[in-house]
Structures are given as structure tokens and as C-alpha cells.
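As C-alpha cells, the structure follows; a few thoughts come after it.
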């Protein structure tokens, strides 16, 4: 197996975890050129001899300790509630207790809170244009783990999670009537499919008639109708705090970033009361479905990174990356890596499911800067979170045009729908090791580095000329961190139909391989047939590998060099749709 050496951070002050009985900890102490630090990594050996990394790489006992300590910091013992009756919290893409404003508002405005998650069958149908599975098995498993963890953390606060199979517009009105709930609180979404569900829920709630509240208020007479109250909570900067209206969001990221940074810091995290009890009397809270019960074939991760779903894992990953391993201070130097768990934060799957609050990440970065060190790397994590905000707010401004072939700028360009070419890209059989390795990682783990995403996007749309929406929908199927705003925003950006002023952004495979995988460690990890080749031949194996399915638009593999028009400064993750 190739030497795995793309994880770098300082060992100074590092507390090394003892390996569990399932894990083997290997230390590689070699010099890292960009930042003069050391390399270390934790590998989990499987029975087949392959390597798998658990993210976060901490044991259950430590996860529980991290969650307990974090919740304690964000709990207020002086909070009082003054509401009446019952309120429902409709969990969607906000699967957390910490910094959940919808949950807090429901508690304040009621005597009892009913947390609900609807397993909507539409999430497991097919994508809009090309009929791929809308949610792949790996993301489904991650989602179910997140629900189990949400239930666990709600129980700690005196509640529970009611899990119902069905469409929200059918489930929620029925529950509102059964429990006489005066309000359904939920996180506000921005894209068409989610907005349509909000509209249907609101319409269905208007047909529910509740009895008046006895002896509570003289103004409450006659029947009542439960209301849907949507709360903004998916971004670091609140939509009401922007220095411009949603319709006037700047098209260029730099202008957006400078404007919001000049406005000031994001809002602080919403603290929770010590106890959220009591819950309403529920006979059956429902079970967390298994992947096969969702109509999917279960898939195990045996190689690469295996992410654990849920808020507890998310908080533990922040602790592990920032505080335990002290990786934050070198993030900017390592973020373009492609192999292993520690070249970047890996927060995106939890951000996409809402298991992790971006405002919490902001506060942890600021705390790290005060207690340890502030530099370009600490700022760069916030820089990336602003990219995530940018795409979310663009989705409010441009709505469905993010999903159109011509993108927000309505660019007309001939695109191919060649199924053979697309299948070779999807299956990792293009004949270009760097493309194939990235696509195999995606299919095997549900994750791909940001650098890899930009490279495979460029190859699909520039070298193959394939309709970019095919790539975007395949990412929708596979990615753990799939988010409609980030995913389609990034694909329009990469395809030259978005708001990027640099329209013809091309990533030369030879150039990218030379810079980001010079010894072929990444490609040989995912393509074991390349491991016996000399390191300088792994990305350029010639006839010892598959015949390239298309010639490159720019670059010559034989000369190991290529023309790269622009290697963009932007580093952000594609995400969930």
C-alpha cells in the first residue's frame, strides 16, 4: 500500500488517544513541506487488509464527554417559559439540539413540546432529470444515525422524537389536531422542493380546527387554526442581518463576503434551558427505520472515511479537529489534500444535515483564536462558511434558475447526453487515474475532497462536454454533505453558467496531479492496481492502465504537463440538494 502522508499538524501539546480494540494507530513522523509540521494518522484495519478511517476518530466514551461539556456551556439555568398548550417542532435539516432556534421558540411558547421527524417518501424517489436515486444508501444511513442521536439528546433534555413515516403535509396536521398544537415550528428552507412542502403543510394546517383554550384568555374564543412558524437557522449570518435584501445579494462572492464581514459578527448561538420537559403523552414514538426499510440496499464503508451521523459526532469532530489534534492552525496549508480524515475539517456532512450549527463553528473558531492562536488558517474556516452562506442566499435570489441548464445567467451552450461517457465518469473508468480515484472514493464513502470535486466537475463539463446537471444529480445521490444550494451553486459555477466572472475555468489533470498528488499516493490508494508502479508513473501509467475515453482539452499526459487557465482561489465544498 502506498505511504499515506497527507495529514499534517503539530504534535506539540497533542494528547494521543489510545486505540480501541477495533483500531490500529500508526504514526508517520515526516516533514510537511508547506507548514513544517509532523504527520500522524489513525488507521482502522479491516479483515480484508484495507484501511478505513472513522470520522470522528474518538471512542463512544469521549463522544459522550464532549457532548456533556458542550451542552453545559450552551445551557441557561435562568430561562423561563410563559406559553400555553402544545407546540410541535418539525425537524427537517436541523437535526440538533444545540443552537436550534425553532426548538427554543417552541419551548418558550408552550407548556409541552412535541418534536417530530417525517420520513418523507419523496426523499427516496429519483432525481428530477436523469432518474438517479434521490438519496443513496450511505446518506440514508448517515441520516438514520442522525435521527437516533437526535432522539438520544432530546431524551437527555426531557423530550423524545416522534418518528413518523409519511409526507409532512399529511402527518403534521393530523398531529396538530390530535394534540391541539397551536403552532408548528420549523427551520425555513429556500429551494423549490422544500418550499413546496412548506406550502402544502401550511395549507393543510388551515383546514385543522382546534377547540378554544379554556380559561386561559378571554380573547381566545371560538375555534383556532394551528399556524406554521418558519425560523431562519441554516447559515452563519442571519438573513435579517444582511446589509442588503435577499433580492439584492451581490452576484460575486468577494463583494458578498466583504459586505457581510463589514456588517459585523454573526449572532450568538441560542442557548437552551436545562430541561425541555414535559413531552405530550405519546403511546408509540416510532422507531428509526433501517436502510432496507427505506427501500435501499445497505452499503458498508470498508475503505476510506466512514462518517458517523448525528449531533454528538459533529460536536466531537469539532473538538477533535480544533482542540484534540490542534489542526485548525494549519488548515489553510492542508485544505487542498485529498487523502485521509485530517487535511480539512470534514464538517460538511453535519452542516448539511443540520447536526452542526455554523454559528457554533464560528464561536469555536473565535474561542480557539483567543485561547490558542489566530492566523490565516483560523480565518479561512470562516471564509469557507461564508461561501456556504453565499450559495444559500443566492438560492433565495435566483430560485429555480440554479437548476436550469443555462444557470442564473441563462448561458446557451451545446451539451452532450452521451450515456457511455457519463457512465465511465460515474464508475471511475475514464482512463485518467485522478478522475477515477475520486469517483471511486465518492461511490465508496459518500465523500470527496473539495479539490477532487472541482477536478471531476471540470473534466465532465470541459473535457467530456456532458450536461453538468448529470454530474450534479449524481452528486445528489451520493454525497453525505448534499445540500441543494451548495451542490447546484458549485456546479453552475464549475460549468461556467453561474455568477463566476471567470467563465472558462479549466482544471488540467496533469497539472492537478503534479501539484496535489505528486507521488500518486491518492490514486494508488483507490486504484490498487497502480501501487506497484513507480510513484511518478501512478498518475501517468500509459498502457499499464485503461485507455483514456476522451482526449484532454488541454494538457499532455505523456509530458506530464498541461495548461491550467485558472486554479481558483476559492475553496468550498459542494453539498446537499
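Along the chain as shown, the residues are counted starting at 1.
Heads up, the Cβ atoms here are built off N, Cα and C, so glycines get one too.
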What range among 538-557, 558-577 does TrEMBL record as region 'Disordered'? 558-577
Rounded Cα distance, in Å, between residue 482 (FAD binding site) and residue 491 (site 'Electron transfer via tryptophanyl radical') is 12
Within 10 Å of the Cβ of residue 387 (FAD binding site), how many other Cβ atoms can be counted across all chains shown? 20
Compare the Cα of residue 390 (FAD binding site) against each of the recorded sites 415, 468, 491 and report the nearest. 491
CA-CA, which of the recorded sites 415, 468, 491 lies nearest residue 331 (FAD binding site)? 491
Where the distance is taken from Cα to Cα, which of the recorded sites 415, 468, 491 turns out closest to residue 384 (FAD binding site)? 491
Sequence gap of 6 or more, Cβ distance under 8 Å: name the residues on the same chain that satisfy this around residue 468 (site 'Electron transfer via tryptophanyl radical'), in order along the sequence. 405, 415, 457, 460, 461, 491, 492, 494, 495, 497
